[in-house]
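Worksheet: the structure to be examined is printed underneath.
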There are 4 protein chains.
Amino acid sequence: MTPPTTGLPAENTTDDNDHLVQSDDPEHPANLIPSLCAKFWTLGWVTGTGGGASIRDDDLVYLAPSGVQKELMKPSDIYVLSLAAQAQSLSRRQRVYLRSPPVYKPSQCTPLFLAAFTKRNAGCCIHTHSHWAVLVTLILEQQGSKEFRINNIEQIKGFGKGFQKSGNLGYHDTLVIPVIENTAHEEDLTEFLEEAMDKYPDTYAVLVRRHGVYVWGDNVHKAKTQCESLDYLFQLAVEMKQLGLPWITDIEPTIPTRKD
Amino acid sequence: MTPPTTGLPAENTTDDNDHLVQSDDPEHPANLIPSLCAKFWTLGWVTGTGGGASIRDDDLVYLAPSGVQKELMKPSDIYVLSLAAQAQSLSRRQRVYLRSPPVYKPSQCTPLFLAAFTKRNAGCCIHTHSHWAVLVTLILEQQGSKEFRINNIEQIKGFGKGFQKSGNLGYHDTLVIPVIENTAHEEDLTEFLEEAMDKYPDTYAVLVRRHGVYVWGDNVHKAKTQCESLDYLFQLAVEMKQLGLPWITDIEPTIPTRKD
Amino acid sequence: MTPPTTGLPAENTTDDNDHLVQSDDPEHPANLIPSLCAKFWTLGWVTGTGGGASIRDDDLVYLAPSGVQKELMKPSDIYVLSLAAQAQSLSRRQRVYLRSPPVYKPSQCTPLFLAAFTKRNAGCCIHTHSHWAVLVTLILEQQGSKEFRINNIEQIKGFGKGFQKSGNLGYHDTLVIPVIENTAHEEDLTEFLEEAMDKYPDTYAVLVRRHGVYVWGDNVHKAKTQCESLDYLFQLAVEMKQLGLPWITDIEPTIPTRKD
Amino acid sequence: MTPPTTGLPAENTTDDNDHLVQSDDPEHPANLIPSLCAKFWTLGWVTGTGGGASIRDDDLVYLAPSGVQKELMKPSDIYVLSLAAQAQSLSRRQRVYLRSPPVYKPSQCTPLFLAAFTKRNAGCCIHTHSHWAVLVTLILEQQGSKEFRINNIEQIKGFGKGFQKSGNLGYHDTLVIPVIENTAHEEDLTEFLEEAMDKYPDTYAVLVRRHGVYVWGDNVHKAKTQCESLDYLFQLAVEMKQLGLPWITDIEPTIPTRKD
């Protein structure tokens, strides 16, 4: 990926910083967010302008705006924000954008994406309204549970072991995803998301009851892989529930005969 | 969007007004209806020539014709009608088209689309045969109900508060969509659709029992967003029903600690 | 559609008649069968080389071959057969092709497609392995039934009233599709398909138990519309079964107040 | 398919053998694996970098690497290995690649693909994480079964009769797919896969409990056809289970009246 310019070059200080979202490189965050979101739309993750995605490149954060049809988004619709500048801001609730699109308003997801970037050093965060995620939170609600737990499914290997740990989860490991309750205003989820991050330091995702899921990763590749793997597991979990199959089982490891 | 010519320019009065559906702008209604319908076909909303869409641009109404394969529609298949001219017509049941396609007949959905435009000032109306919509009406039929009600699901925020109201519904609000009974002839639905609009002045959609749904909005963006959000909720509702989960719940709002 | 050459022009009698499948017109049957089958593959109708489609243009019948991956088919893979020549053949089981592809063998579906063309004057016949169709035959098998019956669903209007009848079925009409038992060899289905056509002269489709469905129409447009509508109804029927909803109901027609 | 160069031409011995994955022919294995995997991604078979595919062309084996997003794979990501050279290797667990991609690590699936090539002379092997496959293994686990068995479904004809046998299974034949237990490390599945091949010499697929399925065939066409047919049957089997329909039935063959 061609590194996008960080901060404001002298010759651009008077303009609207549109250069921050202009690149011929398909891997540039301003191009990648629209192409990713178009793909997510076909998966049913960002229906009806719901959901979104954000990419961090060093100090710069690229954000899909509010209310945009995700399969039609353009690079010129993207917001850009500096983490350093934001940290110096007097209010957590007020955000200063280096670059704003001419039409759309900022997404209410912004502080949640920022939490993944600042608290977990994530490089990408994806928010979906996948109905598999929503159904899992509803099934857990009936059980009075605030954790999604599943083990002994191969796809669990799609997740990293945790924050600043190397390697991935194993087949026999239990994947645990915390569930937080939804709030009337999406921004208000931030403190609960951060609480969940503190309580579950190794999680790469937080489910939001009756709403969807936030998934992050060290980079776009890892965030997308973890989000796909999680959606796969949510779908499987709902289908297992319909068939009366438990999500957690106690399986004795199969030991191969080491031949060489 | 380049505004299409309203009415008949002097130099065109003798021709067939084909210029009304000819534009290089992909956002022109005559181009947008086919591209939207092709997308809707992949979603299963307009299978087997069912369903349709109409866009209003000021006085001009653009309509998909009857019996066309929705993923293969062309701009030249589009009907155009003037609302003002229609209002002066002696009969509500007879319609005068400014421009007609050479092959197809007018859609029986036309008076239902017109109701959304004249009674609600809508800019776009979408009609789907989505089987999620049909299943919801069947489940409600078993319960003897004429209303789909759901609350405490994030995607409800995808709907406006109502006719001439600003802002959108909130997470805790209950979305209510009236259900009308199907009639042998689709045109005959019009009076029942209008009755439902009168009874539920803030609704942006009406379900038709064993048939599908009509969804509208102030413009194409809002109609599509509301139609996608509704289909998402219908699918979720059917899946909730299969899992024994209720559509309406009494949830105490989660109050965040305001930190700044 | 540019009419393809009927029979063998003098200057071509010595060649392999490849010109019969060569055309720049996307609506030419040799181009249309591959593009339709690619679309059907995405719908899950022709998975694993199953299913197929055939188009009749006057005396000439164009056929997908056996064992081809349906989303990868090319015009050069198409068989062409003359109905008149076939009628003069000594054996119903032996077929004389005007044009054969260099690689593939003829499809065992051929005599079933020919039955639709000769007994019903169809212009197109589609055979799918849609699992919705198979599930419907399995549900009916449990009920000891040889007929799929459904009424009071709008999509039923997607079907013509019947052979040599004008107009379509109405909302309150009951759509009846006969089910024949599967045979070890697909060709052997022919006599049972023809029996079903005789017993149900107005049907445009025959279900094959544990196998799929054959659907035809006067032309490609009607065959495709009826096939899509039927698959929609089969899916709806399976989902209704899962929700405990009956396929046949006694609904009193809703009568509108005629205002003008 | 243009046969790729086997072994190392003299003029290339010092380079990195990148020519082995460079071809303009879309049917070249290095091009075909990425295009197949992109298609499989849309089918949900290789979500979250799971699953994979390998093609053997005479002595050369082409392999998708570990951890690649399957819909984004490029020919330059492909590993190439010589079967003859591998056979001379001192350790089964150590593999010598003729060509390695600059970024990715070898896939843990490699020894399982090699088993299909060396023990069954397969030309292509596909590994999916399809959740239909996983659900089938979970349903069988509840029944204490290590075999998936289904009969009297037309799609069963999509499978060959078995290793070095000609012809395909018939409609009344019972398709039997063995299930092996999953291991913590995917490589460790190899000995159990090979055991299953020995015990079920005619199978073209092995299910892996809570993981997915390995499917192979004499060539790419046959492997893909068998993999699609199997996924179709797994989906059907899960839906049959949800509807309370048995997978194995005793059906008397329908005998046609031979007329000519």
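Cβ atoms here come from the backbone N, Cα and C positions, even for glycine.
Record features (Swiss-Prot):
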| type | residues | note |
| --- | --- | --- |
| REGION | C:1-26 | region 'Disordered' |
| COMPBIAS | C:16-26 | compositional bias 'Basic and acidic residues' |
| BINDING | C:C109 | substrate binding site |
| BINDING | C:H127, C:H129, C:H211 | Zn(2+) binding site |
| ACT_SITE | C:E154 | active site, proton donor/acceptor |
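Geometry remark: C:H127 (Zn(2+) binding site) versus the residue listed as 'substrate binding site', CA distance 8 Å.
The least crowded of the recorded positions C:H127, C:H129, C:E154, C:H211, judged by other CB atoms within 10 A of its own CB, is C:E154. Here the Cβ of C:C109 (substrate binding site) has 23 other Cβ atoms within 10 Å, regardless of which shown protein chain they belong to.
In the three-state DSSP scheme, C:C109 (substrate binding site) is classed as coil. In sequence order, the recorded positions near chain D (CB to CB under 8 A) are C:H211, out of C:C109, C:E154, C:H211. Taking 8 Å as the upper bound (exclusive) on CB-CB distance to chain B, the binding-site residues C:C109, C:H127, C:H129, C:H211 give none. When the recorded positions C:H129, C:E154, C:H211 are screened for a Cα within 10 A of the Cα of C:C109 (substrate binding site), none qualifies. Remark: secondary structure over the compositional bias 'Basic and acidic residues' (C:16-26) totals 4 helix, 0 strand, 7 coil, with classes taken from DSSP. Each residue contributes its Cα atom, and for the residue listed as 'active site, proton donor/acceptor' and C:H129 (Zn(2+) binding site) these two points are 24 Å apart. C:E154 (active site, proton donor/acceptor) falls within a helical segment according to DSSP.
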